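Let me begin by presenting the structure, written as structure tokens, before commenting on it.
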Ligand SMILES: O=C(CO)[C@@H](O)[C@H](O)COP(=O)(O)O
Ligand SMILES: [Fe+2]
């Protein structure tokens, strides 16, 4: 699978979201962080904003739900126009039923793991998912430092995906930048969320191109990719 770069609008200007989406032309998905001040100690946006944003841009929306009760809310984000919906394993009451419901409504189903949540208990669920998100910071805020200690989990997850012959995308989110993207790609990630490393620069579209080039180079030399 080709490398994908998903800018996070958490680091964009919320009063100009349509323009900010325009500013990252060439991005694969627009990453939309939904926070409820319960699952994480921060509050961002909800279904109506996703609905408006999906009408305002051709870039598909990758909604990352950092909320309690995703079983109730995730389907509404699909109806609002999200092309991919990520719920947290720690918050979902019935992750298999929820993933099936998201897929049945026509979106890609994805599950996220906080840094302290291991992948191993979820091995049997992987065929139910289109993407797995490994958080590389504690969720809640943009601009945090990348957690290097997550690299072994990325490697183990890539091994599981290969062993089961799955088409699952492996996303990393948090502190992904020019300094860290190559380590993530070498470990096995193929979808890269970047907030401050894209919107914190003078030229967000150029930042997307440059992260993509770095990730592609690192993937080309990675043992997990060479084995395919
Ligand atoms: O989900 C989150 C934070 O909880 C992320 O999507 C951040 O928005 C990424 O921002 P950077 O770490 O790239 O600045
Ligand atoms: Fe996110």
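The backbone N, Cα and C atoms fix where each Cβ goes, glycine too.
Record check: TrEMBL places 31, 33, 173 at the divalent metal cation site, and the matching candidate among 64, 164 is 64. When the recorded positions 31, 33, 64 are ranked by how far their Cα is from the Cα of residue 142 (substrate binding site), 33 comes first. Taking Cβ-Cβ distances under 8 Å and a sequence gap of 6 or more within the same chain, the neighbours of residue 196 (substrate binding site) are 11, 142, 143, 177.
Cα-Cα distances to residue 31 (divalent metal cation binding site) place 8 within 10 Å, out of the binding-site residues 8, 140, 175. Cβ neighbours within 10 Å of residue 33 (active site, proton acceptor), excluding its own Cβ and spanning all shown chains: 25.
Considering only the binding-site residues 140, 142, 175, the Cβ with the fewest other Cβ atoms within 10 Å is that of 140. Every protein chain considered, the tally of other Cβ atoms within 10 Å of the Cβ of residue 173 (active site, proton donor) stands at 26.
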